[in-house]
Structure formats: C-alpha cells, structure tokens
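The feature [4Fe-4S] cluster binding site is assigned by Swiss-Prot to C49, C50, C114, C144.
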Amino acid sequence: MTNQILSNDDWGRYKKEGFLVTKFGDLTDYVMNWARSGSLWPMTFGLACCAVEMMHTASSRYDLDRYGIMFRASPRQSDVMIVAGTLTNKMAAALRKVYDQMADPKYVISMGSCANGGGYYHYSYSVVRGCDRIVPVDVYVPGCPPTAEALLYGMLCLQNKIKRTRNG
C-alpha cells in the first residue's frame with residue numbers, strides 16, 4: 001500500500017499485521033510537521049545588502065513557490081523571519097517587537113555575517129553583535145553577502161529541522 005504522507009520506511013515502521021500501530025501523538029506530530037515544513041511563509045527584515053540577495057532568492061530563477069515558501073509583509077501572516085544585514089541598537093527593539101507579533105510556531109533565519117555576529121561593523125558602538133542576542137535563531141546562513149543559493153539551502157535546512165521536531 002502506498003501512502004502519500006508517510007514514506008515507505010515510515011509506513012513499514014508504523015504498519016504491523018495490516019494495522020497502524022503507533023501512539024496517536026507521534027502520528028499527529030509527523031503530519032503537523034510535514035504540513036508546517038511544506039508551507040513556510042517568511043517575513044523579510046532586510047537591513048542592509050543581504051536584503052538584495054534575499055530579493056534575488058524570491059525571483060523566478062529560484063522559484064521558492066515550488067517549495068511552499070511565499071514571502072509575506074505582515075508578521076501576523078508569517079512564521080519565519082529572515083534577518084538580513086547589520087542589526088543596530090536602535091533596530092533591535094523593532095526586531096523584537098516584530099518577532100513577538102508573529103504567531104507560534106515561529107522560526108528565525110540569520111542571513112549574512114552582519115546578522116550572525118556583527119560582520120564588518122563588529123566593533124562599532126552602534127551594532128548588535130549578532131541577532132541571536134535579541135531573538136532565538138534557528139538557522140545561520142554565512143557569507144558577506146550570502147548567495148541566493150545559500151539562503152535557499154538555509155530554508156531547506158529549516159524545513160528539515162521542522163520535520164524532525166517533536167511537538168510535545
């Protein structure tokens with residue numbers, strides 16, 4: 001029997017003598033995480049030159065729609081925040097406020113050297129040395145600026161991380 005949601009290995013693990021033997025929570029976690037990972041809606045928080053590469057990722061060449069990734073402008077409609085660029089002390093409060101407005105579960109991708117650890121401006125008095133000091137980060141994308149392929153790979157890594165998550 002072929003199942004659309006479970007792979008053959010998972011189906012073989014859950015199947016025993018024609019019955020589906022599992023804890024109800026395991027199966028619901030699997031289905032929920034499968035659905036969540038296939039419909040990521042990132043919100044852009046472009047702060048510097050990395051935002052240009054983020055826009056490049058949204059273009060037709062990379063076609064994020066085929067992965068279920070659609071950019072949203074509102075934090076209430078998105079579940080992923082992409083922090084792209086240098087985070088200053090003045091923008092840190094706005095970043096946290098926007099993050100708090102997102103619905104749970106919410107994920108953060110830190111894109112570029114500046115968002116990861118301050119980058120070129122690390123020693124400046126007005127730069128936060130990594131957005132992980134303000135919001136919890138799930139995936140770090142290195143580079144200055146990282147390529148569109150690197151951001152796409154980071155999104156795919158986030159999808160895999162969501163699939164492996166246990167909800168309860």
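Any Cβ shown, glycine's included, is placed from N, Cα and C.
Counting every protein chain shown, the Cβ of C50 ([4Fe-4S] cluster binding site) has 27 other Cβ atoms within 10 Å. Here the binding-site residues are C49, C114, C144, and the one ringed by the most other CB atoms within 10 angstroms is C114. Other residues of the same chain near the [4Fe-4S] cluster site, with their Cβ within 8 Å of the Cβ centroid of C49, C50, C114, C144, are A48, A84, G85, T86, M111, G112, S113, A115, G119, G143, P145, P146.
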